[in-house]
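**Q** A single structure is presented below for examination.
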Amino acid sequence: MSKVTVVGAGNVGATCANVLAFNEVADEVVMLDVKEGVSEGKALDMLQTAALLGFDSKIVGCTNDYAQTANSDVVVITSGIPRKPGMTREELIGVNAGIVKSVAGNILKYSPNAIIVVVSNPMDTMTYLAFKSLGLPKNKVIGMGGTLDSSRFKCYLSKALNANPTEVEGLVIGGHGDTTMIPLTRFASYKGRPVADILDAETLAKVVADTMVGGATLTGLLGTSAWYAPGAAAAYLVESIIHDQKKVIPCCVYLEGEYGQKDICIGVPVLIGKNGVEEIVDYKLNAEEKALFEKSAAAVRATNDVLKEINVL
Ligand SMILES: NC(=O)C1=CN([C@@H]2O[C@H](COP(=O)(O)OP(=O)(O)OC[C@H]3O[C@@H](n4cnc5c(N)ncnc54)[C@H](O)[C@@H]3O)[C@@H](O)[C@H]2O)C=CC1
Ligand SMILES: O=C([O-])CC(=O)C(=O)O
């Protein structure tokens with residue numbers, strides 16, 4: 001019996017739960033929210049698609065009742081406010097830090113063995129907060145950002161190449177911020193060919209720029225931040241854990257010297273399996289990529305410092 005809880009049944013959480021159930025990733029999917037009746041309603045609505053779509057995962061919704069989340073294998077934290085057009089993710093820290101810290105503590109009481117996937121923004125800092133405040137081993141706390149950013153990178157690459165996104169490889173490391181993301185163009189390929197051999201430098205630079213502000217672009221269009229790709233990206237990560245797929249996925253994890261960084265959670269390529277973080281994969285970065293990574297880490301650290309200023313860490 002596998003069980004996944006999604007905390008926050010808003011746009012991202014409900015989409016994630018829906019993808020998990022539809023793909024039968026877990027036997028049971030629990031959604032928990034503070035808004036009375038919302039999780040219950042969304043769970044029932046999703047269950048009423050089962051006969052149409054043909055899945056048999058159990059879906060449960062509850063209002064702040066952590067007992068229902070007991071013994072989850074994986075818990076996805078999406079609770080917190082999203083940004084509005086013109087805002088950065090970092091501006092959400094004041095509200096979301098308190099929410100993430102209290103939710104993570106409640107989760108641990110009922111699911112002491114769970115692997116925690118943090119989605120709430122600013123995600124790198126919320127992952128660091130969850131890791132530091134829960135005291136779990138570092139393989140058990142994973143931030144979801146690079147998974148989504150890499151999918152957006154592949155989307156923009158596929159548009160430039162006029163190709164199918166599933167035939168494009170590409171990964172984004174670094175922080176999950178408008179200026180901290182690092183789409184690794186040198187490692188991106190289409191049908192095994194480096195994309196730099198196919199696209200001109202100007203086109204590739206635009207793909208990188210569009211990827212970095214991918215979330216901001218959608219926030220401008222939607223009036224709130226995106227949810228289809230974020231929810232699917234979180235579910236993709238959960239699937240690699242639950243089904244022990246051992247996919248290499250860019251994720252935000254605690255580093256102790258890897259990629260030249262210590263005491264920080266930031267995006268790097270990670271082998272994800274039933275134990276959560278099973279290996280931090282060492283892509284050999286060149287000098288330019290290393291410099292970008294250092295700059296990105298410095299920016300994430302500056303946001304982490306705010307946790308102390310606001311007394312949540
Ligand atoms: N890491 C990533 O790649 C992404 C992160 N996000 C972030 O995910 C978060 C959620 O975004 P949306 O789903 O669009 O927001 P939303 O507003 O649609 O949903 C958030 C939900 O959290 C609930 N909530 C608030 N406090 C709670 C608590 N203490 N316990 C349980 N539930 C609580 C709210 O009632 C609401 O239903 C935001 O912080 C957003 O910035 C969004 C997209 C991608
Ligand atoms: O843009 C945002 O604020 C939400 C998010 O992290 C994303 O969609 O990448």
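The count begins at 1 with the first shown residue.
Each Cβ is built from the backbone N, Cα and C atoms, and glycine gets one as well.
Annotations per TrEMBL:
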- 3-143: domain 'Lactate/malate dehydrogenase N-terminal' (DOMAIN)
- G8, A9, G10, N11, V12, G13, D33, N96, V119, S120, N121: NAD(+) binding site (BINDING)
- R83, R89, N121, R152: substrate binding site (BINDING)
- 147-302: domain 'Lactate/malate dehydrogenase C-terminal' (DOMAIN)
- H176: active site, proton acceptor (ACT_SITE)
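Distances, neighbours, how buried they are, the whole picture for these features please.
**A** A coil conformation is recorded for V119 (NAD(+) binding site) in the three-state DSSP classification, outside any helix or strand. The Cβ of V119 (NAD(+) binding site) lies under 8 Å from the Cβ of G8, V12, G13, C16, V76, I77, T78, G143, M144, P230, A234, each on the same chain and at least six residues away in sequence.
Close to R89 (substrate binding site) in the fold, though at least 6 residues off in sequence, lie R83, N121, P122, M123, H176, G177, D178, G215, each with a CB less than 8 Å from its CB.
Looking only at the domain 'Lactate/malate dehydrogenase C-terminal' (147-302), the predicted model's pLDDT averages out at 98.
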**Q** At the Cα level, what's the spacing in Å between D33 (NAD(+) binding site) and R152 (substrate binding site), rounded?
**A** 28
**Q** What is the separation, in Å, between the Cα atoms of G10 (NAD(+) binding site) and R152 (substrate binding site)?
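**A** It is 21 Å, counting Cα to Cα.
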**Q** Do any of the binding-site residues G8, N121, R152 touch ligand 1, in the sense that the CB is under 6 Å from one of its atoms?
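**A** G8, N121, by Cβ distance under 6 Å.
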**Q** How would DSSP class V12 (NAD(+) binding site) in three states?
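**A** The three-state answer is helix.
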**Q** List every residue in the same chain as R152 (substrate binding site), at least 6 positions away in sequence, whose Cβ is under 8 Å from its Cβ.
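**A** Set apart from R152 (substrate binding site) by at least 6 residues yet with Cβ under 8 Å, we have V172, T211, G214, A229.
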**Q** Taking helix as H, G and I and strand as E and B in DSSP, count the residues of the domain 'Lactate/malate dehydrogenase N-terminal' (3-143) in helix, strand and coil.
**A** 67 helix, 28 strand, 46 coil
